[in-house]
Amino acid sequence: MKTLNDFNFNNKKALIRVDFNVPLDEDFNVTDNTRIVSAKPTIIKILEDGGSCVLMSHLGRPKGVQDQFSLKHIIEEVSNVLGVTVKFASDCVGEVAETAVAALQPGEVLLLENLRYYSEETAGDEKFAEQLSKLGDIYVNDAFGTAHRAHASTTIVAKFFPEKKCFGYLLAQEIESIQKVMETGEKPVLAVLGGAKVSSKITIIENILDKVDHLIIGGGMTFTFVKAQGGQVGDSICEDDKMELALEILKLAKEKNVQIHIPVDVVAANAFSNDAETKILDVTEIPEGWQGLDAGPKSIENFNKVVLESKTILWNGPLGVFEMPTFAKGTIALGDSIAEATKNGAFSLVGGGDSVAAVKQFGFENKVSYVSTGGGAMLESLEGKTLPGIAAILD
Ligand code: AMP
């Protein structure tokens, strides 16, 4: 795996695909600069080598050129984070970009305008990728968040740098974290899969059964498994057409010697509302008019034991409707357990979909080993897919 450390960037121009798709408020202030901060080590290493950086990114989903999606809005924030005055090219290809790159001196950073002003970017257009390739000597991909897309700047451009392409530190770290869970993790390995639906997690479950010793299934998925085994789930979220699949998963897990843990009790509510009436019920005895919206106390205790016995932990998806405080306790308790296991030496990776939002909201960000920066990219990695942006560098 080629990383930044395999290159000396002295007097070289690095063309870096970063993920600066950051949230902006109505005055175009960056409200969360995590993605910029995450790319900093890569940029600083190149500058310290005596090289210069040409940064390319998308921002939002513009339809053609739309000022509100201009990357000019983030120049100041990027400059502040890097501690370097960042230059800006008002186009990401063509004369404007090429002239700005030609004038770039060692130690300088140039930010290109939004890649997605061109539909060729998402189309993975080869000619567009070739134009981009003129803007650097070495191609560095540090954008995990878009690594699952075969776009011009994330994948296609790499073919114009057959010997001179590598992963940035952030992307390398993402790859290593996934490998630690899926391939080289110390046993027992545990995956916690929560969230709303079996249908959106099924490929992950199937892939992961070959990798883990324990699998906790929580959140809305619980009820498809419970009903499939004859339990009464009342009005809880349930995918009847996935019940057979749930039984197959349970059978497969047995064959593969994977222990599956499902909530035994729930916090049930008489409405999908934070102010609903609630009671603790056995997960197999939820009457009509009631729905399970969080893991109950016995389940939390069971999960805590499994988590503390594990040496490698993957967490994707909440155990309940964590957006409502009444039903966030299970997710918070799980986070506490994973934090404790991590403190005791376990490796813990959190990521995929909305998991990162939950982890940040409850302040677990610095208490787990690694929080992935990619939602969709992480989910596809867990499904066992080779991401095109990663394959293009390994090629
Ligand atoms: P996902 O994107 O699949 O990880 O699902 C996350 C969503 O699952 C969150 O918005 C939660 O509110 C929701 N969720 C978790 N548990 C339940 C439940 N018991 N009933 C309904 N929705 C749930």
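Cβ atoms here come from the backbone N, Cα and C positions, even for glycine.
Where the annotation comes from TrEMBL, it is an automatic prediction and has not been curated.
Features as listed in TrEMBL:
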type    : residues                                           : note
BINDING : D19, F20, N21, R35, H58, L59, G60, R61, R116, R149 : substrate binding site
BINDING : R35, R116, R149                                    : (2R)-3-phosphoglycerate binding site
BINDING : K201, G292, E323, G352, G353, D354, S355           : ATP binding site
(request) Check the binding-site residues N21, S355 for other C-beta atoms within 10 angstroms of each C-beta and report the one with the most. (result) S355
(request) Take the C-alpha atoms of G353 (ATP binding site) and R149 ((2R)-3-phosphoglycerate binding site) and report the distance between them in angstrom, rounded. (result) 16
(message) Please identify which of G60, G292, G352, G353 has the densest Cβ environment, defined as other Cβ atoms within 10 Å, among these binding-site residues.
(response) G292
(message) Based on a Cβ-to-ligand 1 distance below 6 Å, what subset of the binding-site residues R35, R116, G292, G352 would you report?
(response) G292
(request) Take the Cβ of E323 (ATP binding site) and count every other Cβ within 10 Å, whichever protein chain it belongs to. (result) 14
(request) Sorry to bug you, but what's the C-alpha spacing from G352 (ATP binding site) to R35 ((2R)-3-phosphoglycerate binding site), rounded to the closest Å? (result) 15
(request) Have a look at the binding-site residues R149, K201, G292, E323, S355 and say which one has the shortest Cα distance to G60 (substrate binding site). (result) R149
(request) Select one residue from R35, H58, R149: among these binding-site residues, choose the one with the most other Cβ atoms within 10 Å of its Cβ. (result) H58
(request) Ten-angstrom check, please: count other Cβ atoms within 10 Å of the Cβ of R116 (substrate binding site), all chains counted. (result) 23
